[in-house]
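Below is one structure, written out as structure tokens; comments come after it.
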Amino acid sequence: MALLFLLGCAFFPLCFAGLCWGLQNQTNLQMERQEAVLVASKLVSSVQAIMASTAGYIVSTSCKHIIDDQHWLSSAYTQFAVPYFIYDIYAMFLCHWHKHQVKGHGGEDGTSRALGGTWAVVRGYLHKEFLMVLHHAAMVLVCFPLSVVWRQGKGDFFLGCMLMAEVSTPFVCLGKILIQYKQQHTLLHKVNGALMLLSFLCCRVLLFPYLYWTYGRHAGLPLLSVPLAIPAHVNLGAALLLAPQLYWFFLICRGACRLFRPRGSPPPSPCQTQD
């Protein structure tokens, strides 16, 4: 367990640092620092999402019995991936920091002076990304211990399905990169927005009714009877996980409506509403 955790602690920051260096120094790109930080952070997030989705698919399709069947990849990938959420809090802060400087608030020495300095930037970051930071912290402090200790080897199928929620992340990340380069008007951006909306709906919102339905089919219960048949803390946990997904999906839908409205004013992107 410790080895996989340490491997994750090294893998994600090193990928980020290597991508930042390559994007700034590669002859055909030579990005500015702030551009490289944003693009590198989104590429690392996409890599993690692809690995998580792949692991989730392998686990969920390998478990024929949704309660008792086990797959080594469920615990192994969880241990490897938990450092990603710690890293990503820092990576999101770096993106916020550089964006703050680009807006003209950074000094020549690279330190921020707006609203009283560094702590003002930190407060601004936490205010803007509070829900995402809270989500990441909950993944590390709550979901990881529960998935490793409390489950006691049960329910690998459900954990695999939860990992597949990351399917929508690469579309979100691509949208962020397109916005960085002011490509909101392109067909690629609109197609990506539609795919993000669809994947988020299926893999993050409808995931929870699907898990309840699957358990109901296993236990011989109708869908509406499942919440009454399982422990209250399971329903509470599912509700707490679902709540931010519904909020983000609402923001994505609102952004998508503006993106696909008739031409007139420049439409904001759905990717501006969810990271």
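Including glycine, each Cβ sits where the backbone N, Cα and C put it.
What TrEMBL says about this one:
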DOMAIN    34-261  domain 'TLC'
SIGNAL    1-17  signal peptide
TRANSMEM  76-95  transmembrane segment
TRANSMEM  130-151  transmembrane segment
TRANSMEM  157-179  transmembrane segment
TRANSMEM  191-212  transmembrane segment
TRANSMEM  232-253  transmembrane segment
Subject >> Contacting positions for the transmembrane segment (130-151) when only residues 6+ beyond its ends and CB under 8 Å are counted >> reply: 1, 75, 78-79, 82, 85-86, 88-89, 92, 159, 237, 240, 244, 247, 275
Original post:
Residues sitting near the transmembrane segment (191-212): Cβ under 8 Å, six or more positions beyond its termini, same chain?
Top reply: 158, 161-162, 164-168, 171-172, 174-175, 178, 223, 226-227, 238, 241-242, 245-246, 248-249, 252-253, 255-256, 259-260, 269-271, 274
